[in-house]
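If you check TrEMBL, you get these features:
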type	residues	note
TRANSMEM	A:12-30	transmembrane segment
DOMAIN	A:96-297	domain 'ABC transmembrane type-1'
TRANSMEM	A:102-121	transmembrane segment
TRANSMEM	A:133-156	transmembrane segment
TRANSMEM	A:171-190	transmembrane segment
TRANSMEM	A:228-254	transmembrane segment
TRANSMEM	A:274-293	transmembrane segment
Amino acid sequence: MLTFIIRRFLQIIPVMIGVTLAVFLMMHLIPGDPAQIMAGERADEAQVEQMRENLGLNDPLHEQYLRYVGNAIQGDLGTSIRTNRPVVNEIFDSRIWITIELAFWGTVLAVIFGLIAGIISATRKYSFADVSLMIVALFGMSMPNFWLGIMLIYFFSVNLGWFPIVGWESWKHMVLPVITIGSGGAAIIARMTRSSMLEVLDNDYIRTAHAKGVSERLVVYKHALRNALIPVVTVVGLQFGTLLGGAVITETVFAVNGIGRLVVDAIKARDFPMVQGAILVCAVAFVLVNFLVDIAYRLINKRIDLN
Amino acid sequence: MSKQPLLEVKNLKQYFPIKGGVLGRTVNHVKAVDDISFEVYEGETVSIVGESGCGKSTTGRAILRLDEPTAGEVNFDGEDLLSLNKSKMREKRKDLQIIFQDPYASLNPRQTVGQIIEEVLKIQNIGTSSKDRREKIISLLETVGIGAHQVDRYPHEFSGGQRQRIGIARALSVNPKLIICDEAVSALDVSIQAQVLNLLKELQRKFQLTYLFISHDLGVVRHISDRIIVMYLGKVVEISDTQSLFENPQHPYTRALLSAIPSMNFEEEKRERIILTGDVPSPIDPPKGCRFHTRCPYKMERCAIEEPVLNSVSDGQRVACHLVEKGAVDYTKIPVNS
């Protein structure tokens, strides 16, 4: 198991090289001169040159890249143009934790509802419950987050007054954004669990379990679900990773100050170091989540080998 | 064999509903097994043969209630299995076990071999302590030729033949009276097939087992069976002891099946080959009268109207065919398609 973790961890290195390279090159590939943009529109030639020198843009590309990576490893992602504070502080002081909290509870909600719905559907195939749950799931997948968010605000905040409209302070603030962000995942997990369970339930080892005299409940949970979970775990991992970087819309609708809004604001203000830093952090988070998923995968499926 | 049968299947029917439309209404049924009856006596090996889709595996599963049968009776050891409630049935499962065709699909990939067998021992309350059970598991595995050091391995670490032995050990672990072998050797290499068949025979002698052997391979069936049941499209067409069946098949379908066995005997070259034309009709809407009449080379007018019943033609041989009823002419002398 330890060798597995180490070997899987080593695989992260080439991925990280690719990610940093992409983020770094973004700076050079976007139209316009970064130094000009950073120095501001009214800066004269000398000021732009000074900025270029300060940013090290006159050095060879590979040197710039190595310096960028070196700084990033030491936790230096540059300074935000907009706020003049270090990018790392902007991200880690509060923003990323709010997004992680949102993504985490969204995933928890998605897993709980998705699994329950998927199991009910699969064990009662073609029943009324199955058909209705799958129709609900179809809605869950098809509804855009901004629309669902607005509808939830309209009904539960404006009309019923149960929850606050915007912000991120108490658990009450979290309810509607978490539902908004988790609904899509719940629907995907429900459908995934259903099809995976149906496939597993048709296996001879399930009949073997019945023939042994294992009770219906244990057949479903011990023999079927554990085997059916393998593809579901992958989806959950991807879902959580996507939520980390993709909470932009939900955060905007509910005016939650997470990393998604930070990125949107930074793009609007052409705050390049900020955008770069946020993308890098999200990418690293995504890679780490997938690393954990692979370990979980290994734990539930002894047959997975890195070869 | 005048004693009480161990297993008596009476008018067993297994219809699977076909759901259709938006509301999932039942629009029709697949009549996989349609009113069949037979007996299995203690200590014998009875085989069910027939081509794919004839209902032989469905029969096996219906007996064990792995699928709930639509109608009929399954008397086992003097008790109707279909009338038992769930917990009584679970207890009863100790006496009836099944070995499946695909050794790759019939073992839970997430349980070690030890756990697979231990689970059934625990459920059926066999063995007092875990140490006691462990010893039993090891001795069972050794019986089927799997070493004690392999107890904690997962199914994927074994070959197909070894897995099938594990399946056999699992089935044996509860000291069953009857084991249903559902195509138990079909997925194995021929050399391994022989090993497993010999193992099954040896175990039968050792533990006084009764086998219901489901197979499409007549060579295997001839080797292992005392009696043979031939099924066609959900119906039993012939029940016979093995020797009579192979030497003197009565039903035209049985004759066609037997003539399809490849022969190594080159002198026998002029052997009559009966090649059936057309496909097996759909079990959703089976032909009226005799189900075989659409493909039968000796079809009579009566066959399309009246369904034949199983009639004794000799001691231990029963056939459902209008051609072989008492006093009828010997149809086998009539040239095919005359």
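Glycine residues also receive a Cβ, built from the backbone N, Cα and C atoms like all the rest.
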_Out of A:102-121, A:171-190, A:228-254, A:274-293, what stretch is closest in contact terms to the transmembrane segment (A:133-156), meaning most Cβ pairs under 8 angstroms?_
A:171-190
*Tell me, please, if the transmembrane segment (A:12-30) and the transmembrane segment (A:274-293) are in contact, taking contact as 3+ Cβ pairs under 8 Å between residues separated by 6 or more positions?*
yes
_the transmembrane segment (A:171-190) versus listed stretches A:102-121, A:228-254, A:274-293: most Cβ pairs under 8 Å_ = A:102-121
*Cβ under 8 Å to the transmembrane segment (A:102-121), counting only same-chain residues 6 or more beyond its ends: which ones?*
129-130, 133-134, 136-137, 174, 177-179, 181-194, 196-197, 220, 225, 232, 236, 239-240, 243-244, 247, 250-251, 256, 258
*Under an 8 Å Cβ to Cβ limit, what residues of the same chain, 6 or more beyond the ends of the transmembrane segment (A:274-293), are close to it?*
8-9, 12, 15-16, 19-20, 23-24, 26-27, 72, 77-78, 80-82, 87-88, 90-91, 96, 100, 233-234, 236-238, 240-241, 244-245, 259, 262-263, 266-267
